Amino acid sequence: MASASSSDGVAGRIQNASLVLVSDNSSTLADIRKAVAMMKNIAVQLEKENQTDKVKDLENSVAELLDLHSDCNHRSTAIQSVANRYQPVEQLTDFKKLLDDEFTKLKATPSSVPQNDHLMRQFREAVWNVHHAGEPMPGDDDEDIVMTSTQCPLLNMTCPLSGKPVTELADPVRSMDCRHVYEKSVILHYIVNNPNANCPVAGCRGKLQNSKVICDAMLKFEIEEMRSLNKQSNRAEVIEDFTEDVDED
């Protein structure tokens, strides 16, 4: 009994430590996104002044920041994953190796940080639109246009189990494998009652595991971005409706 209590205590401390580390990383991620937004605004001003070389330098710097953004995101996800899977054992646990292995695996997943492509595209579109508003950027095809500056990298807009919009979830989590988003309590209950279950999103074959359904470092930022986009869309619809009414009069 004492041994079990001690093990629970160790696991609890590991979880608490992971929360602190992820929180610190989240602050870094937020700072990077703010820096990228600021650099985008500066690049737009430089493009207006036809200072192409400086714009290119800024784009290269943004690319470097987004690489750091990706690494921070992977580190946070790796920390959460290792903490969730941790089971106390008699021999010493090599946490550095566990974290490094998880980080390497995450970094090898091509779609694990889609928001980086989204942020870079936003930067390039803002610069392009200075002199070419309304024109497609060079190299754009139908697939490229799908990811526009008015879209968010969230794969699903509603929780497949609760039916709630992702923007209204009280405690959102995301599968590390298929990247779909759910309400935490609902998906964990689903996993308990359906061992070895697939993701409940129609057509998705992603496997569900407790340890791989987490609130990763970027999820809350993406949900907040979606809320902002929804507000902008609603304002645009109101303006359009008002304009139509005026035209009819």
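Placed from the backbone N, Cα and C atoms, the Cβ positions cover glycine too.
According to Swiss-Prot, the protein carries these features:
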type: BINDING; residues: C178, H180, C199, C204; note: Zn(2+) binding site
type: MOD_RES; residues: A2; note: N-acetylalanine
type: ZN_FING; residues: 141-228; note: zinc finger
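This view paints the features noted in Swiss-Prot onto the structure.
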{"residue": "C178", "record": "Zn(2+) binding site", "DSSP (3 states)": "coil"}
{"residue": "C199", "record": "Zn(2+) binding site", "DSSP (3 states)": "coil"}
{"residue": "C204", "record": "Zn(2+) binding site", "DSSP (3 states)": "coil"}
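Of the chain residues outside the Zn(2+) site list C178, H180, C199, C204, L155, N156, S175, D177, R179, N198, P200, V201, R205, G206 have their Cβ within 8 Å of the site's Cβ mean position.
One residue stands out among the binding-site residues C178, C199, C204 for having the most other Cβ atoms within 10 Å of its Cβ: C199. Averaged across the zinc finger (141-228), pLDDT for the predicted model comes to 84. The DSSP breakdown of the zinc finger (141-228) into helical (H, G, I), extended (E, B) and coil residues amounts to 31 helix, 13 strand, 44 coil.
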